[in-house]
Amino acid sequence: MRLLAFLTLCLWAGLSTAVIPAEEELPSFWNKQAASAIEASFKIQPRIRQAKNLILFLGDGFGIPTITATRILKGQQQGKLGPETPLALDAFPYVALSKTYNVDRQVPDSAGTATAYLCGVKGNYQTVGLSAAARHSQCSTTAGNEVFSVLERARNAGKAVGIVTSTRVQHASPSGNYAHVVNREWYADASMPQDARLQGCKDIAWQLVHNVDINVILGGGRKYMTPVGTPDPEYPRNSKQNGIREDGKNLIDMWLEARPGARYVWNRTEMLAAAADPSVNYLMGLFEPGDMKYDLVRNTTLDPSLTEMMEAAITILSRNPEGFYLFFPAHRGCSSAGGRIDHGHHDGAAHKALTEAVEFDRAIERAGALTDEDETLTVVTADHSHVFSFGGYTLRGSSIFGLAPSTAIDGKNYTSILYGNGPGYPGSDRPNVDPDAAMQFEYQPQAAVPLSSETHGGEDVAILAKGPMAHLF
């Protein structure tokens, strides 16, 4: 799989010699495009009616520079020059910007932002589902400061509700739908300090099963749901993947017992079978002990893609005649939450982040085909950006992962993609960048400041919307 990815990237590198279409030299080409865009805008009419369904696509770390780079990569994967290729979200008629800061931080984390976009209330750094009156890691500040999410409101309105994520389902972004916790890393009781347990605070996995009646839960995070020593079904000989709960509870079994007819699955085949069964209205699918794997290196037999999980979720949720709410954070590499877009950037690994973002776009496109825009409000946004950039006056058609066309003042090559900080810091003596190495899936573009994990960015993020009442964005 990695060899295939490498060969594919090498093909993209060859696009640097691509020929620019002759028609683009004509003013009429651009004038026609502008006229078509204006004509399409005149035809946009707000859909002023109540939405039956809501899908929130949350690209964890899917800032505007990442959106642009994803567009280029998608086009180059299709053998095109890149920047002219539309993403699925480019067709959304309404666009806005969102401020991402936490109450106590100018540059946010995914927990405080999840509270904001899911609950409508800005919170503090690393706290989930709580107002800013709650304090990080102080269990006693939880009670009375809970705020409630759009998922909870949708469930109370009689709609089916679901979460699909490429991270653990207990991650900060998805947990904003159901949890109220002063530390986003309290994934299981084993993750919590003893004093917090004695004070009655509950871990995120426990809250996933008990707080809200969720119809569809798809992602990773098996080990947080089962007792210490429980072998993992996929990695039974790897003790590091065993369950870690110290309270002796099997939360998967508890969830199933409370919902007659519910299904639990841990692989792609079982998920597809459950989605195809019209009697299934509840499905929990946990496909890895922790976060799911990057799309380019996942086991395609056992692990479903983001798009496959999204399609299974919509199929099941659509069985409720009252409609549904679906939260879809993409973290591989980002929400939410991811995420693996987000994780890829934190690793300083742009290949990982951007290939996951292309899969995220594929899921958005597929969701549009599965739903009716007249009754489904679809929103795409991000919780924050990253200190990720690309520049260097690269030739159009050159690989998004490739080198700038000229050297720096030290006479050495540099990649178009760079990070403001992170693990790609080259040291005081910056090495020359080998063009072949830059194309590798694991390559870390150079960073200006040495950190073990690259940080979020603090700039505004985009909101794109279509469907009933989307114009309000």
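Each position is counted from 1, following the chain as shown.
A Cβ is built for glycine as well, from the same backbone N, Cα and C atoms used for every other residue.
The active site, phosphoserine intermediate feature in TrEMBL is assigned to Ser110. Per TrEMBL, the feature Mg(2+) binding site maps to Asp60, His171, Ser173. If you look up TrEMBL, you'll see Asp60, Asp342, His346, Asp383, His384, His456 marked as Zn(2+) binding site. The annotation signal peptide is assigned in TrEMBL to 1-18.
Structure with TrEMBL features highlighted.
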residue	record	Cβ neighbours (10 Å)
Asp60	Mg(2+) binding site	37
Ser110	active site, phosphoserine intermediate	32
His171	Mg(2+) binding site	35
Ser173	Mg(2+) binding site	32
Asp342	Zn(2+) binding site	37
His346	Zn(2+) binding site	24
Asp383	Zn(2+) binding site	36
His384	Zn(2+) binding site	28
His456	Zn(2+) binding site	23
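Cα of Ser110 (active site, phosphoserine intermediate) to Cα of His346 (Zn(2+) binding site): a distance of 13 Å. Per Cα geometry, Asp60 is the residue among the binding-site residues Asp60, His171, Ser173 nearest to Asp342 (Zn(2+) binding site). Cα-Cα distance from Asp383 (Zn(2+) binding site) to Asp60 (Mg(2+) binding site): 6 Å (rounded to the nearest whole number). Between the CA atoms of His346 (Zn(2+) binding site) and Asp60 (Mg(2+) binding site) there is a gap of 11 Å.
Nearest neighbour of His456 (Zn(2+) binding site) by Cα distance, taken over the binding-site residues Asp60, His171, Ser173: Asp60.
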